[in-house]
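Visitor: According to TrEMBL, the record shows the following:
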| type | residues | note |
| --- | --- | --- |
| BINDING | Cys19, Cys105, Cys204 | [4Fe-4S] cluster binding site |
| BINDING | His48, His83, His133, Ser232, Ser233, Asn234, Ser277 | isopentenyl diphosphate binding site |
| BINDING | His48, His83, His133, Thr174, Ser232, Ser233, Asn234, Ser277 | (2E)-4-hydroxy-3-methylbut-2-enyl diphosphate binding site |
| BINDING | His48, His83, His133, Ser232, Ser233, Asn234, Ser277 | dimethylallyl diphosphate binding site |
| ACT_SITE | Glu135 | active site, proton donor |
Amino acid sequence: MTAEKPVLRVLLCAPRGFCAGVVRAIDAVERALEMYGPPVYVRHEIVHNKYVVEGLKAKGAVFVEELDEVPAGTAAPVIFSAHGVARSVPEDAARRNFFAIDATCPLVTKVHREATVHYKRGREVVLIGHAGHPEVIGTMGQLPEGAVSLVETAEQARLFQPRDTGNLAFTTQTTLSIDDTAEIVAILRERFPAMVAPHKEDICYATTNRQEAVKRVAPEVDAMIVVGAPNSSNSQRLREAAERAGCRHAALVQRASEIDWERFGAITSLGVSAGASAPEVLVEEILDAFAERYTLAVETVHNAHEDVFFPLPRQLRSDAAE
Ligand code: SF4
């Protein structure tokens, strides 16, 4: 006779997982494969998720980090990832006569436009974000070198010395912690009251909704799992949000095989969320792993309704219409 499994109350955060920008980027690669056939080249991981990337590879997508890895003279499409690229990348693609398809999330493009407008108006642009993240490289690369000052932390905001204190504007990465960013902005505003702010928050709706949902669930559970990749900024921020909201065991995992059963093997309640680049099938895989050890009592905690949809990149829409 098998021993009865203990009951585990599971609170599923909603919304979680894929956002409209990620859905659009994956659809763009899949549509390009259907319309033009393989190979389709993709510059950088289209979204930060190994499972998604491996799935697209199996269908004929070829992932490269730089354009010089794409064979010269190819007629195959070259797709830019949802994170956005520096201005020099499409320029380089045009020089090489590549058929470029830009899958940059429209909400990242919005930040690019803001930075460009500020620069044209003669303002020094402060970008709040994480150095080295592809989105930050792309946004800084909209303007000439030195035009954007990156501020990563509250400490850096306290020490930042602009060229002209009366002529500043700020933009942010779309996937930051809402709370950390609010603190950094408050410090900058106090120091530079004339600093121009974005018309509408740069941190995107998906990042905001997923963090708010985690903050609501985390204080009620023994442990929290965020499904996502370690290089996914918004997934990392969800794990941090869970910890800050009082959850002692919060882990970011890509697959069920990564669950540390020393930490998650003797709990009575679990919160589950997923970063904007994590597919729901991986959430199901995690739940299946817990179901092998526990009897699950699953509840969904709805925090916001999302109906954002972005049409496919223009290049694909016009070819599809023909
Ligand atoms: S996380 Fe936000 S900015 Fe990034 S792709 Fe999704 S909707 Fe766009």
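Even glycines carry a Cβ here, placed using N, Cα and C.
Tell me about the setting of these features in this model.
Guide: A C-beta separation below 8 Å, combined with a sequence spacing of at least six in one chain, links Cys19 ([4Fe-4S] cluster binding site) to Cys204, Tyr205, Ala206, Ala276, Glu306, Val308. Cys19 ([4Fe-4S] cluster binding site) falls outside any helix or strand according to DSSP and counts as coil.
Around the Cβ of His83 (isopentenyl diphosphate binding site), the same chain contributes His44, Thr104, Cys105, Val108, His133, Pro134, Glu135, Gly138, each under 8 angstroms and 6 or more positions distant in sequence.
In the three-state DSSP reading, Thr174 ((2E)-4-hydroxy-3-methylbut-2-enyl diphosphate binding site) counts as coil.
Secondary structure from DSSP puts Ser233 (isopentenyl diphosphate binding site) in a helix. Of all Cβ atoms in the shown protein chains, 26 besides its own fall within 10 Å of the Cβ of Ser233 (isopentenyl diphosphate binding site).
DSSP gives Glu135 (active site, proton donor) a helix state.
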Visitor: Give me the CA-CA distance between Ser232 (isopentenyl diphosphate binding site) and Thr174 ((2E)-4-hydroxy-3-methylbut-2-enyl diphosphate binding site), in Å, as a whole number.
Guide: 12
Visitor: Using all protein chains shown, find which of the binding-site residues Thr174, Ser232 scores highest when you count other CB atoms within 10 A of its CB.
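Guide: Sorting the candidates by Cβ neighbours within 10 Å, the top entry is Thr174.
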Visitor: Between the binding-site residues Asn234, Ser277, where is the Cβ count within 10 Å the lowest?
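Guide: Comparing Cβ neighbour counts within 10 Å for the binding-site residues Asn234, Ser277 gives Asn234.
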Visitor: Using C-alpha atoms only, work out the spacing between Asn234 (isopentenyl diphosphate binding site) and Thr174 ((2E)-4-hydroxy-3-methylbut-2-enyl diphosphate binding site) and round it to an integer in Å.
Guide: 9
